[in-house]
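> Have a look at the structure that comes next, please.
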Amino acid sequence: MKVAVVAVQGAVEEHESILEAAGERIGEDVEVVWARYPEDLEDVDAVVIPGGESTTIGRLMERHDLVKPLLELAESDTPILGTCAGMVILAREVVPQAHPGTEVEIEQPLLGLMDVRVVRNAFGRQRESFEVDIEIEGLEDRFRAVFIRAPAVDEVLSDDVKVLAEYGDYIVAVEQDHLLATAFHPELTDDPRLHAYFLEKV
């Protein structure tokens with residue numbers, strides 16, 4: 001199984017390690033490639049868009065000509081996982097934390113693949129980084145979620161979206177067909193269950 005991690009910014013090495021562990025968990029050999037250019041996305045079975053700064057990642061994805069091949073992969077039902085900033089990149093709509101509930105356009109490149117509205121930095125400056133055990137549908141035991149200046153979903157825009165996890169007033173993990181997004185960083189734990197759940201979509 002060949003999995004590409006978009007490697008323009010973010011926790012690429014951490015995703016590589018946890019993907020390999022997830023592969024072992026489900027009995028699959030996982031080859032991880034770092035995707036910086038379109039040719040790196042050829043013949044991949046799944047894609048991960050990691051955390052980082054969503055505006056920067058989006059602009060770098062455009063500069064490296066990754067947007068079109070990513071959209072083509074999505075159209076062909078290739079599984080895509082977005083974590084933290086990756087959730088923002090996958091969202092159809094994004095609003096700033098300062099104005100939740102308002103239709104403020106964010107000037108940043110988005111793939112717009114998931115029918116959700118995401119609030120950037122949803123938990124505010126006072127809770128920029130924290131860890132909490134949450135329940136995730138599809139996983140038997142609670143999962144240690146690491147939030148770092150995390151976004152969150154404040155509105156689901158389609159019945160096609162399945163809510164997998166909530167924390168406080170927000171939705172923090174969603175699934176739509178072959179797409180999966182989390183507000184937290186599952187790659188910053190040693191628990192491969194969420195990545196294994198993702199790989200089982202291949």
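Placed from the backbone N, Cα and C atoms, the Cβ positions cover glycine too.
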> Which of these, Arg25, Arg36, Arg117, Arg120, does Swiss-Prot say binds L-glutamine at the same site as Gly52, Glu53, Ser54, Ile148, Arg149?
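According to Swiss-Prot, the candidate sharing the L-glutamine site with Gly52, Glu53, Ser54, Ile148, Arg149 is Arg120.
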> Going by C-alpha distance, which of the active-site residues Cys84, His185, Glu187 is nearest to Arg149 (L-glutamine binding site)?
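Its closest listed neighbour, by Cα, is Cys84.
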> I'd like the Cβ neighbour count for Gly52 (L-glutamine binding site), meaning other Cβ atoms within 10 Å of its Cβ, all protein chains included.
21
> What are the other residues, in sequence order, whose C-beta lies within 8 angstroms of the center of the C-beta atoms of Gly52, Glu53, Ser54, Arg120, Ile148, Arg149 at the L-glutamine site?
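Leaving out the recorded residues gives Gly51, Cys84, Ala85, Val88, Asn121, Ala150, Pro151.
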